[in-house]
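TrEMBL annotations:
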TRANSMEM  6-31  transmembrane segment
DOMAIN    20-260  domain 'G-protein coupled receptors family 1 profile'
TRANSMEM  38-66  transmembrane segment
TRANSMEM  72-95  transmembrane segment
TRANSMEM  116-138  transmembrane segment
TRANSMEM  158-177  transmembrane segment
TRANSMEM  209-228  transmembrane segment
TRANSMEM  240-262  transmembrane segment
Amino acid sequence: LALNPWDVVLCISGTIISCENAIVVVVIFYTPAFRAPMFLLIGSLATADLLAGLGLILHFVFVYFIPSGAVSLLTVGLLVTSFTASVSSLLTITIDRYLSLYNALTYYSERTVTRTYIMLILTWGASICYGLLPVMGWNCLKEPSACSIVKPLTKNHLIILSVSFFTVFAVMLQLYVQICRIVCRHAHQIAVQRHFLASSHYVTTRKGIATLAVILGTFASCWLPFAVYGLLGDYSYPALYTYATLLPATYNSMLNPVIYAFRNQEIQKVLWAVCCGCFSSALPFRSRSPSDV
């Protein structure tokens, strides 16, 4: 096959994504202090994005060096699983942040840990099911007219993925509105009872809301073009349109480590310690709420 510059760019994007998220996964996995629910969810997001980056690299390798229909199904299945898990992990983190504010008094309990594991199981279970569909026979290798803008995914499969994205985005937007209401209520309480409540609590919460706004805006700008085109596009459309909408979607996995992990002060401490060659698993950490992440 003639080398497609878009495939090269996607491969480079996948390499950057893999390197960034591999750092996050290693730091969280090898640091015993990072066993709190919020870090487990960040680890889940980083793992999904790491697999997405590896999937982009493998897709490039198999298309140009080991062309095979069966292998293409496996790589596409990996990409569907990883990107679905990435989007779902963003939703679970949003839910966790909302509950940390809505149930602040009971958040640090065994119930939160149990709920976190349940969300992780549902996230990865649903993502794996989506990814297995092409391998299990729901593909268009034998019927090209049923193909979507992303071969060998069928049009119906991509519609389901696009609708799932819009559902996740709507839920995240609703939770964002609810969190804003909670912040406003906290601000009112602080204004009325300033001598009872520390102003730093509002500053911390406001920082979390600003972070969530950045996440929501980044998420929408990266994935909306591809989700809309997945609903409206057809297999007969030029491949240029698919690449032009898919590439920004990969940027979400590239930006997630920066937004979630590298901005976190505890993870920054570990990274600086590793860079200085003085890493210790017993580094002291201050307990932080998910809104601070």
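Every residue gets a Cβ built from N, Cα and C, even glycine.
On the 0 to 100 pLDDT scale, the domain 'G-protein coupled receptors family 1 profile' (20-260) averages 86 in the predicted structure. Touching of the transmembrane segment (38-66) and the transmembrane segment (158-177) is ruled out by the presence of fewer than three CB pairs under 8 A, sequence neighbours closer than 6 excluded.
The transmembrane segment (6-31) shares the most Cβ pairs under 8 Å with 240-262, out of the stretches 116-138, 158-177, 240-262.
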